[in-house]
Amino acid sequence: MGKGRAPCCDKTKVKRGPWSHDEDLKLISFIHKNGHENWRSLPKQAGLLRCGKSCRLRWINYLRPDVKRGNFSAEEEDTIIKLHQSFGNKWSKIASKLPGRTDNEIKNVWHTHLKKRLSSETNLNADEAGSKGSLNEEENSQESSPNASMSFAGSNISSKDDDAQISQMFEHILTYSEFTGMLQEVDKPELLEMPFDLDPDIWSFIDGSDSFQQPENRALQESEEDEVDKWFKHLESELGLEENDNQQQQQQHKQGTEDEHSSSLLESYELLIH
């Protein structure tokens, strides 16, 4: 491995700590006469028991004539913030863009003041963004609620329209059914009303036409009826019912003659009275 850069001085033989007024005067007078081309050899040439790095920092940060004293202005702070976004913690580059300001001062003002201010501003912006987002959500909800009510009202109106359409459909169906019923009544064949005072010969003619159309069936039916009558007469003769029927017929005939005789007597009597 390489040894690296050699130290500028022996740390055991140099003085540390704050600078005295005499040390500041020696450094200022030497730089005004000889300049500061080589900081490594400057302490020995100026008669200072200090390190070259310590002399450089003392001159740059405190003793040079163009060093600004006091607080940083608002413009300087904004410049430091912008440069820090570009260069980061490279304080020497930032100091080169700000004449009269040292890198040590810039670093101190950044850590003590500007960094805290940026963090507070970012938190404030985040809070504002959250509040704006909540306001936008509330506005959207308020806008959506009238739309929802409008949609609900529209649904009610549409349901009412649907009910009206359904009722109209039912009415149309009923009227159509009534109309079809009327058409069926019109299309029914008219029944001929037969007069009650028809000539009895018509019915005999109809019966005759039936008998003419079916002579064989009529003859077969009459033969069957004759057979049934013969069978009933045979049964009455076997049971003795035929004699009883003859006696009843004779009694009825006798009673009828008696009634006719009595009625004729009454009529003659009435004629005599009158």
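In case you wondered, yes, glycine gets a Cβ from its N, Cα and C as well.
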Completion exercise
Which range is DNA-binding region per Swiss-Prot? Of 67-90, 91-114, 187-210, it is 91-114
Completion exercise
Lying 6 or more residues past either end of the DNA-binding region (39-63) yet within Cβ distance under 8 Å of it, the residues of that chain are 8-9, 11, 13-15, 19, 23-24, 26-28, 30-31, 102-105
Handout entry: Secondary structure tally of the DNA-binding region (91-114) (DSSP, helix then strand then coil)
Key = 18 helix, 0 strand, 6 coil
